[in-house]
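Okay, so here's the structure we're looking at.
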Amino acid sequence: MAEQLILKGTLEGHNGWVTSLATSLENPNMLLSGSRDKSLIIWNLTRDETSYGYPKRRLHGHSHIVSDCVISSDGAYALSASWDKTLRLWELSTGTTTRRFVGHTNDVLSVSFSADNRQIVSGSRDRTIKLWNTLGDCKFTITEKGHTEWVSCVRFSPNPQNPVIVSSGWDKLVKVWELSSCKLQTDHIGHTGYINAVTISPDGSLCASGGKDGTTMLWDLNESKHLYSLNANDEIHALVFSPNRYWLCAATSSSIIIFDLEKKSKVDELKPEFQNIGKKSREPECVSLAWSADGQTLFAGYTDNIIRAWGVMSRA
């Protein structure tokens, strides 16, 4: 049965681009968003006809753009990365910052939790990758064989049998690092422009990367090789694998594309109807993506400050 995605509702509350989104398996009615307005919002999802949810709590503390956010696997904590050069660990039940992570010398662009939530990795415009413990101590800074330009994205593999970190940069490289030694395992070469995003499949076997060249490259993390590429035909801002279907979603500067990885074809292309867009002004672009844990809802953050929720439906 073929499937498609339908716009189910919106979440409005940010006063800047929605740069990042995170969901929780433990708290299916919660969504976390980070924004250029320097704040994060914990949303309570109601899935009503009129509003898909409401802001339950706003997290203040960063003094510049929030670039990335992630929720711990137990749903109790969140991490945020900011252009104020710091990371923050938040207790979601109270909305308080429990730790500040200070050490990067330029904007922090990306943050990720290890599968056991005991380690944290961050990537920055200072061209370094830092590993931290949850107490806020920097345990290691990766510079040897590191990126020669901004580090745009860092992600831990969820697979405990192959504990690696994947990073991407404006030097057009995807790098895979062995977690135990923090040594470079593989340089994945092939992109012709800067890379904005990497994402790892739920089982840790696949990695996808995308950016300026409009091509999504898929890499086998177990065999350390390039598998194939999918053309999105436009700059890619964000990528995310579905948690329960063999799909990859790419947010580009013109639409959101859902790829079926088995058929290597497009399942759907999502483009909302934007109101009040003049001929000269640019249409809002999707710059962040997150799936609900059950894989039924795709959350998309846009440059018009709105989060849109798309639901998977069977085609009639």
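Glycine is no exception: its Cβ is also placed from the backbone N, Cα and C atoms.
Taken from Swiss-Prot, the feature repeat 'WD 1' applies to 13-44. Annotation comment: Swiss-Prot describes 61-91 as repeat 'WD 2'. Annotation source Swiss-Prot lists repeat 'WD 3' at 103-133. What Swiss-Prot lists as repeat 'WD 4' is 146-178. Look at Swiss-Prot and you will find 190-220 tagged as repeat 'WD 5'. What Swiss-Prot records for 231-260 is repeat 'WD 6'. Positions annotated as repeat 'WD 7' by Swiss-Prot: 281-311.
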Can you tell me the mean pLDDT for the repeat 'WD 1' (13-44)?
98
For the repeat 'WD 3' (103-133), sequence-distant contacts whose Cβ falls under 8 Å of one of its Cβ atoms, 6 or more beyond its ends:
64-65, 67-70, 72-74, 77, 79-87, 139-143, 146-160, 163, 165, 167, 169, 177, 179, 182
